[in-house]
Every structure is written in C-alpha cells, then in structure tokens.
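Notes for the one structure printed next.
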Amino acid sequence: MSDEKNYGISLAAPARPDLGSRTASQLEKATASHVEFATPKDPGALHDATLMAGERTEKLTKFVVGLALFASVSGFCFGFDTGVISAALVSIKDDFGHILDDTEKEWISAATSCGALVGALSSGALADRVGRKWTLAVGDVWFTLGAIIICSSFSVVQMIVGRAVLGLGVGTAAAIAPLYIAEVAPTRFRGALVTVQSIAITGGQFFSYCIGIPLTGHNGWRIQFAIGIVPAVVQAAVVHFLPESPRYDLLRGQREAALATIHRSYKGMSEDYIAVKFAALEEVVGISADFNRGHTLGQKMRLVLTEGKYRKPAITALGIGIFQQLCGFNSLMYYAATIFSYAGFDNPTSVGLIVSGTNWFFTFVAMMILDRVGKRRILLSTYPGMIAGLALASVAFWKMTGSTGHRLVEGTEYPQQWSNMMLGMMVVFIAFYATGSGNITWTVGEMFPLEMRGIGASILAGGVWAANIVISATFLTLMNAIGPTPTFALYAGICLAGLIFIYFCYPEPSGLSLEEIQIIYNYGFGVQKSREIRAEHKLKAQEMRDRANSHIGGSATASDDQLNKV
C-alpha cells in the first residue's frame, strides 16, 4: 500500500474463524472497512461511523468490572507490602537484638524496590509467553513466599532477603495488572478501570497503616506481614477461572476465546459494532504476531533503543515513571512514621494514616475525572500543586528545626504550628500527587504498540523501581546529611523538571484507542497529533449528531405537513 511506509505495517487481511454465516459476513465487511480507514490519506481519520458512534455509547459491564477487580488484587498486595514497612520499621524495635540504624532501615526498604526492579523487567517477557493472568499468579507466589521469609526472620539479613522476594511480586503486579486491565477494558472506560489498580494500591497502603496502629507490640510486625499473604492466595486460587486478555488470546491463535471475551466485554452493543471492533483488533494483533515471530527478546530491546516508534513511547513512559518516583512520594510511604516520630508527634503511625488516607481518597477523585478531563491536562494541572506543597513543606521544616541546626532530632519538642504546617503541606502534596501522577503513571504502558506492550510494561515498571531504589536508599541519608529543608526543596525542583517533560513529551491518550496511540508517535512525541485526532473525533461526532437531528427534524416536518393536509 502507498501508506505502508508511514506506518511500518502490512495490512494483509487475516484469516477468520468460523463464527457463523452472519458474523463471518459482518467480519468480512468490517475488515474491509477497517483496512480502508486504517490507512487514510489523513492518518488521524481512524474510525468509521460504526466505531465512532459505538465507542461513545460503550457500556460498563459487570464482567469487565469483575476482571478489573480481580487484577487489582495484585495492586492491593503491592500497596500493602510497600506500605506496611512504615509501621514495621517503628515496631521492630530491638527484635533483631538491637535498634535498627538508618542504614539498616534504608536497606530493608530498598530491598523491595530492588526485587521489584527484577520482577518488573522479567514479567513482561513472561506475560508474552504464558499470558497476563498466569503472570499475575506468579506474582502471587512471590508475595506469599516473601511474606513467609519475613515473618520467620530473626536477623536483618533474612529480613532484607524476604523483602527482596516480596519485591519480585510487587514488580510483577506493577507491570502486568494495569496491562491486563487496559487490554480487557472498553476504550471509553479504559482510564477509569486502570485507575481501579491505583485505588487498590493506595487502599492496600491505607489498610497496612490501619493494622499497624494496634500491632506495635513485640513481634507485631510479623503479624502485619502475615496478613498480606491472604489476598495473594485468594487471587492465585481463582485465576484459572478467568479469561485471558483478548489481545493475548489472538496472539496465541485462540480466536474463538478472544471473540467470546469481546462479546462479554461489550455486552449490549450491536453485533455490527462488535464485528468491527474484533476485526480491527484481529488485524493489529496479526501484525504483532508476525512481528513477534521474527524478533527475539534481544532484538526487541534493540528496537526500543533505535527505532522511533518504539523509542519515543519508551522515553515517555520512562520519564513519567521516573519523575513519579523522584518527586519523593514514596519517601513518605516508607518513612512517614519515622519522620513524624522525629518531628515529635506522639503517635507517628496514626499521623501517617492521615497521609495514606489522603492518598487513597484522592485516588477515587482521579478515577472520577480521569477520562472526562484527560490525563495530560490532569498532570499539567496537578504538578504545580505538588511543587507548591513540597516547597511550603521545606519552609515549614526550616522554621520548625531552627533550634536544632535545621536537622530533625528525635526526642525534640518542635513548635506545634510549624509541625502542623509541615503535615498540612505534605497532605497538599499527596492530594495533588494522587489525583495525577500517582494514578496516571500506571496507565502509560498503553503508549506502546501491542507487539511491544509486554516489553513496554517491563520498561516502565523497571524505570519506576530503579528510581524508587534511589529514593528509598537515600532518603534518611539525605535528611541527615543536608537536612529536611534542602531535601524537600530538591524534590520540588524535580517536580518542576517533570512538569516541563510532560508538556513536551506526553501526548493525551484519553479518547484514543490503543491502536490509534500507535500512530501518533509517527509525528514526534505525538502531542500535536493527538490533539488533532481528538479534535477530529469531536468534529465527526458533531456531524453525526447534526445528521441525526436533521433526520429527526425532517421526519417531524413531514409529519406536520401531513397533519396540515388532514
């Protein structure tokens, strides 16, 4: 085709399953239509009338909600096992024969991030080999095994090993759960459903803080980690009964299974719409399958580095993920109880619950506005709030710690107005973080083409956890070396750099199909092209409404004329 060089794909029509004469006929017609609109003179015109009308009327089915909730159990385990360490570090006391120093606390915290990095980088290839849902089950095994090692720990080294094993599950959950949800979700609800994963993560963190309050006694931290085994075992037990992602089924030639899942996901939609949707997906997956057969894992990784349509989504995903971590949020998740203990609060774990609760609440806010407002707009609106919260927190630390050489010294009674301001500004920072970066980061795997989506999910999560290691392994050291004011000011500066990156390198994916997102990176970072396609969608939708209104009006006029004649 004349446009093949623009897209790097061949649009040969794939073979079709025996789906009955009616559906097969619809698929024949739909595929021809899809090939026509998939390679237009204007690459932004990607939808025919059936898809344009259908995607705006897609319904959220119980089946899809159930799949999202199932996958989000991994997110709950992720959140619980990263949040539980905050209270555990305070309650361990001398259970290992001595009081933990700051270096040991950093190693225990960072071990999970190290394991998560390995889990994230390996889980993408595993998901492409055994499937999305079974990779989540592998993550459950890591969650369970890690918790058992931790619960039986009687040394710092064993604790670190257990936390690293736990991290393998965290990395797997971070990479694959949002990928699975995005691939089963209707286009209209994809952003909101992926946010269910974020709600589960923050809910797990909040729950870990809640149970940390009563379990502060001797060996209470062992019970805290043991509780985290329960959701992992439950998810692993039911995974067999759930469907695979339709995209993965098609990649493995399970076309009837893929169509059955599409039918259940789009229940209530017309057969014509489902046929067009399936044909479009089938074609893109066929192209991806051809690609996968001709490329090894190493070759794919080289393509990410050398070919623009893969490199640019990788830069976008890595940038969003790295800035999410380097902003310092997880320093609060891991060390909130430690910070508030040093700041003189009587019950630091309870105060940490305010931080975690804020994060959870505003994750719900994000879910309600994500697809309506748009992910890019939300990020550009919330990053300034994050910067302001961190900058004012650094001012509060400066005023608060004047009597101790601008260092936090445990056991010091600091001025209440400044400690309260510090807490308030942390809450402001977290509110903006949870509404934007905390949620949207886990959706940017959708920016990768299907043939690279498993690798892309690993790249994203790998970048996130590499940056997380930097934060978790240096926070207490930074606080001791330069003090809290410069530390939080540094995080504010990193957020400013993140805001600039988002403005130039993050296109708006909301309202675009996963297949459309592949096209926009043929035009730089796709910021302007995404805007054009979305505007074109709105224009076409308005034209369709105008035609419908004109038809209704014409019918009404005809009826009036007939009535007048009578």
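Even glycines carry a Cβ here, placed using N, Cα and C.
The membrane topology recorded in Swiss-Prot keeps VAL138 and GLN518 together on one side. Counted over residue pairs 6 or more apart, the CB atoms of the transmembrane segment (193-213) and the transmembrane segment (350-370) come under 8 Å in at least three pairs, which marks the two as touching. The transmembrane segment (314-334) makes contact with the transmembrane segment (65-85): 3 or more of their CB pairs lie within 8 A, with pairs spaced 6 or more apart in sequence.
Among residues of the same chain six or more beyond the transmembrane segment (350-370), those with a C-beta under 8 A of the stretch's C-beta atoms are 83, 86-87, 191-192, 195-196, 198-199, 201-203, 205-206, 208-210, 212-213, 332-333, 336-337, 340, 378, 423, 426-427, 430-436, 438-440, 510. Scored on C-beta pairs under 8 angstroms, the neighbour of the transmembrane segment (65-85) with the top count among 141-161, 378-398, 459-479 is 141-161. In the predicted structure, the topological domain 'Cytoplasmic' (244-313) carries a mean pLDDT of 82. Contact between the transmembrane segment (107-127) and the transmembrane segment (459-479) is supported: at least 3 Cβ pairs lie under 8 Å, counting only residues 6 or more apart in sequence. Remote same-chain partners of the topological domain 'Extracellular' (480-485), defined as residues 6 or more beyond its termini with a Cβ less than 8 Å from a stretch Cβ, comprise 102, 394-395, 397-398, 401, 406-408.
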